[in-house]
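Note sheet for the following structure.
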Amino acid sequence: MHKDLKNVLLSEEDIQNICKEMGAIITEDYKDRPLVCVGILKGSVMFMADLIKRIDTHLSIDFMDVSSYHGGTESTGEVQILKDLGASIENKDVLIIEDILETGTTLKSITELLQSRKVNSLEIATLLDKPNRRKADIEAKYVGKKIPDEFVVGYGLDYRELYRNLPYIGTLKAEVYSK
């Protein structure tokens, strides 16, 4: 375990099991329907890469880069779109893939934007969910694990762009982010 972590919430094995189970459900839900998977950069990259390997249907991928943190541990509520999709999603089945759903402010903004583009359907898959933090009226259809309200890093999740490369997810020690 990394020295800056207080504990490990999800091991590599836990994460792979979540991807396998979620991938099977998504495969069943979208069988015989092409799917556009939209990863939210940067955090979702590792989860998306592992999840889409487990989805057995025709799919394409695209990415959006959106920020509401601006370097801290709390969402500012102000959503900035840094990179938009590269292709049209009109009349397509779209699955947003996110690393973590907390306040929901960011995902609510993204879903409203994508729905305005006349998609056929739009759902959310998230590895982690913190329902106690929810401020926006939004839920993910596919949830890997509900977790307590602690600041987590690893497997794509960061604190000031660090810890994304950890192959597991852990809780960051308070003294690390309170400096």
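Note that Cβ sites are derived from N, Cα and C of the backbone, with glycine treated the same way.
Quick caveat, the model's predicted, so the values are computed rather than measured.
Going through Lys118, Lys130, Lys135 against Swiss-Prot, the one listed in the GMP site together with Phe151, Val152, Asp158 turns out to be Lys130.
The number of other CB atoms found within 10 A of the CB of Glu102 (active site, proton acceptor), across every protein chain shown, is 24.
Residues within less than 8 Å, Cβ to Cβ, of Asp158 (GMP binding site) and separated from it by at least 6 positions along the same chain comprise Lys42, Gly43, Arg164.
Take the mean position of the Cβ atoms of Lys42, Gly43, Arg164, the recorded diphosphate site; other residues of that chain with a Cβ within 8 Å of it are Leu41, Ser44, Val45, Met46, Asp99, Gly156, Leu157, Asp158, Glu161. All protein chains considered, the CB of Val152 (GMP binding site) has 23 other CB atoms within 10 Å.
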